[in-house]
Amino acid sequence: MDTCGVGYVALGEAGPVGNMTVVDSPGQEVLNQLDVKTSSEMTSAEASVEMSLPTPLPGFEDSPDQRRLPPEQESLSRLEQPDLSSEMSKVSKPRASKPGRKRGGRTRKGPKRPQQPNPPSAPLVPGLLDQSNPLSTPMPKKRGRKSKAELLLLKLSKDLDRPESQSPKRPPEDFETPSGERPRRRAAQVALLYLQELAEELSTALPAPVSCPEGPKVSSPTKPKKIRQPAACPGGEEVDGAPRDEDFFLQVEAEDVEESEGPSESSSEPEPVVPRSTPRGSTSGKQKPHCRGMAPNGLPNHIMAPVWKCLHLTKDFREQKHSYWEFAEWIPLAWKWHLLSELEAAPYLPQEEKSPLFSVQREGLPEDGTLYRINRFSSITAHPERWDVSFFTGGPLWALDWCPVPEGAGASQYVALFSSPDMNETHPLSQLHSGPGLLQLWGLGTLQQESCPGNRAHFVYGIACDNGCIWDLKFCPSGAWELPGTPRKAPLLPRLGLLALACSDGKVLLFSLPHPEALLAQQPPDAVKPAIYKVQCVATLQVGSMQATDPSECGQCLSLAWMPTRPHQHLAAGYYNGMVVFWNLPTNSPLQRIRLSDGSLKLYPFQCFLAHDQAVRTLQWCKANSHFLVSAGSDRKIKFWDLRRPYEPINSIKRFLSTELAWLLPYNGVTVAQDNCYASYGLCGIHYIDAGYLGFKAYFTAPRKGTVWSLSGSDWLGTIAAGDISGELIAAILPDMALNPINVKRPVERRFPIYKADLIPYQDSPEGPDHSSASSGVPNPPKARTYTETVNHHYLLFQDTDLGSFHDLLRREPMLRMQEGEGHSQLCLDRLQLEAIHKVRFSPNLDSYGWLVSGGQSGLVRIHFVRGLASPLGHRMQLESRAHFNAMFQPSSPTRRPGFSPTSHRLLPTP
């Protein structure tokens with residue numbers, strides 16, 4: 001019988017051949033796989049060649065028990081069984097093949113070779129086959145070699161010799177052919193096995209979930225264990241006096257978006273667990289710590305945690321980026337300070353000599369109904385329980401700033417401010433104007449956290465200016481203050497600070513302010529009080545250059561920003577025409593610095609660019625990196641700038657008309673106050689806007705129904721304060737803006753009112769006001785349009801919140817009143833807004849970081865201490881800073897005589 005060629009086995013229909021009937025052999029399953037493999041590799045020309053396994057006749061099927069014999073019987077049957085390949089070749093019938101092709105499924109080029117009979121098959125010896133991987137390398141088809149069918153049968157017979165064992169965990173070495181799919185090679189199985197092992201290694205090597213520093217480790221993020229411990233902040237500091245109860249424990253906050261669960265144990269192909277990367281603009285991939293429980297002040301710990309974190313960050317920043325001494329050439333000179341007489345100072349003084357009537361209602365204290373009216377440059381004593389202070393400046397307040405003091409100095413606090421001379425005066429922005437004005441410096445005493453201020457706020461001295469309205473003023477952030485008792489040779493005076501003024505005549509004036517004690521010691525005993533001085537500024541900053549100077553091109557200077565990091569050599573100013581100008585203060589360039597005949601300096605900018613299409617209303621530097629600056633203009637745009645590439649902003653946002661903004665130290669964004677004329681319905685108020693790096697959406701900090709005139713942020717507290725046209729001053733604790741604020745729940749718990757001012761009409765006389773309308777908080781809308789008409793028939797009612805504690809805050813009356821005002825507006829724009837708040841400033845100093853000063857249209861300036869946000873952590877920082885400051889700057893005392901008598905020696909008489 002003809003053979004079918006090397007590597008090809010054709011099996012015909014099963015039937016009796018001689019005395020032997022061909023039935024399914026133990027290698028039929030392997031032959032089925034070979035059949036599928038061979039059929040998949042056949043070309044179109046070989047489609048006619050078919051190969052199939054014999055189908056057993058009815059009654060001759062083998063049962064599973066018959067196919068699986070014991071090892072002894074299998075070995076005996078194998079010895080008695082002839083070569084299966086030769087027997088199958090004998091019973092197979094050759095099929096017609098095309099000329100020039102070799103039967104066996106492989107195409108061979110060239111002339112047809114004469115067919116040779118198959119060599120006798122070798123006995124089934126295990127050593128002839130590679131035990132490790134028989135199919136790892138393809139065998140060349142040569143004469144004398146066995147076919148694939150023979151090799152597979154040899155492999156099968158060898159496996160039959162082995163005793164039955166448990167199925168190995170690793171995949172089989174041969175091919176696997178799932179139904180309807182191509183054969184799966186061993187390389188794919190090895191790769192899958194490698195991925196499974198890699199997944200197991202990664203799952204064991206992944207770090208544990210991140211928890212609060214110095215806190216207990218959370219073993220399972222899904223089932224945290226309650227641990228009794230003091231309150232801990234993310235910054236890693238324990239807070240003394242924190243409640244040690246079972247309600248406070250650290251728990252990993254569950255993500256809003258559920259993570260996909262890991263593969264089940266029944267899954268045959270688990271996917272590797274790889275840590276997920278966090279793209280920009282998405283929530284943090286790592287699990288953030290979350291503080292449960294309540295803080296001692298009544299606020300939840302998760303609200304107070306950013307406050308404690310900001311204390312650490314601000315302290316570290318000031319130690320690295322602030323300086324103790326800068327601008328050594330600008331020391332106050334006594335002969336430049338000319339004391340004005342009463343007649344000379346009269347044009348510069350505000351016109352109003354008495355304040356409007358006002359009353360103060362304090363939450364939790366009985367109402368006394370006392371009406372106050374104080375004189376110009378006078379104040380009232382601080383309240384013994386609430387520590388609030390009030391004084392009258394004489395006119396509407398439009399500029400305000402604290403004098404920076406080094407950490408730990410323990411010195412008196414000062415604020416500089418500007419009030420308009422006339423209560424009814426308007427200030428056009430489109431043209432330059434000049435006129436008399438008074439810059440005021442007020443002393444507030446040593447403001448502490450432990451005790452009420454012992455001294456009243458007092459008017460220290462004033463500076464007469466002829467440059468019109470002062471729209472903004474800024475102190476040098478550090479390096480300009482020295483001890484009041486610093487010995488200086490006359491005429492030098494100890495310096496209090498460097499102050500820059502943005503004036504309506506387009507100029508920027510720079511003053512070197514002396515300490516009041518040293519300056520007042522120079523005046524005669526019969527000097528006029530209050531002390532008003534005419535001062536020569538140390539430098540005048542103008543736009544343009546030496547050959548082209550026209551201040552009218554840029555218009556009024558509306559905003560200032562001092563470089564926040566040492567050496568503070570750059571000062572930025574925003575103008576009416578949209579120009580932002582930068583001066584290099586210590587420059588020696590003859591093109592930027594000119595010495596005038598009176599000894600003062602005139603400086604020209606080294607850089608300027610057009611930032612907005614209209615007036616630049618506010619500027620702020622990035623405290624973390626001085627290369628970045630943000631500006632807001634009347635074109636409703638907020639722009640972030642990289643000063644190394646000022647030709648294009650790195651981000652521009654057009655939202656609404658911004659009035660003021662604050663860029664807090666820890667965060668990559670700004671908090672913006674807005675005018676409600678362009679605000680969308682329901683979105684008027686205070687927003688936090690990301691600079692664009694993280695891609696977070698705007699966070700709605702607090703809704704407001706009126707225009708928010710001023711906004712201030714405290715780096716120490718991570719808190720912002722805002723005053724609006726309705727006379728309400730509120731504060732809001734920002735969440736951790738390093739994380740996406742979209743997941744912040746119940747922002748109403750983060751804000752609280754400080755006080756609310758209402759204009760209340762009285763019926764008959766100032767001594768008999770309508771206290772019923774005052775207590776109800778719903779004033780009748782008056783129609784007075786001038787200051788005189790308003791104060792003749794109305795008084796101001798200040799309703800203060802108890803800031804010592806925030807327990808049960810959401811159900812307290814000031815909080816309910818604030819929420820009611822956020823729902824509907826009570827503004828009456830047909831009258832003078834005497835209760836409006838124009839300026840708000842948090843203290844930047846560590847010694848008084850919880851104090852807040854505010855003032856507005858009435859000319860009354862009020863000082864409050866947010867005692868509830870002060871913590872033992874801040875108090876400990878104050879003590880450490882005072883010890884460090886005293887060790888560095890304590891003046892050496894002169895040698896004193898000893899307080900005891902020297903030892904005397906005398907001879908004793910002899911007995």
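Glycine is no exception: its Cβ is also placed from the backbone N, Cα and C atoms.
The model shown is predicted, which means the values in this text are computed figures rather than measured ones.
According to Swiss-Prot, the features are:
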type: MOD_RES; residues: Ser63; note: phosphoserine
type: COMPBIAS; residues: 64-81; note: compositional bias 'Basic and acidic residues'
type: MOD_RES; residues: Ser132; note: phosphoserine
type: MOD_RES; residues: Ser165; note: phosphoserine
type: MOD_RES; residues: Ser167; note: phosphoserine
type: MOD_RES; residues: Ser220; note: phosphoserine
type: MOD_RES; residues: Ser260; note: phosphoserine
type: REPEAT; residues: 536-603; note: repeat 'WD 4'
type: MOD_RES; residues: Ser597; note: phosphoserine
type: REPEAT; residues: 604-654; note: repeat 'WD 5'
type: REPEAT; residues: 655-690; note: repeat 'WD 6'
type: MOD_RES; residues: Ser871; note: phosphoserine
type: MOD_RES; residues: Ser892; note: phosphoserine
type: MOD_RES; residues: Ser893; note: phosphoserine
type: MOD_RES; residues: Thr895; note: phosphothreonine
type: MOD_RES; residues: Ser901; note: phosphoserine
Number of other Cβ atoms within 10 Å of the Cβ of Ser871 (phosphoserine) across all protein chains: 26
Alpha-carbon spacing, Ser597 (phosphoserine) to Ser871 (phosphoserine), which is rounded to whole Å: 53
For the repeat 'WD 4' (536-603), the number of residues DSSP places in helix, strand and coil: 3 helix, 27 strand, 38 coil
Neighbour count (Cβ, 10 Å) for Ser597 (phosphoserine): 5
Residue distribution over DSSP helix, strand and coil in the repeat 'WD 6' (655-690): 0 helix, 17 strand, 19 coil
Per-state residue totals over the repeat 'WD 5' (604-654) - DSSP helix, strand, coil: 0 helix, 26 strand, 25 coil
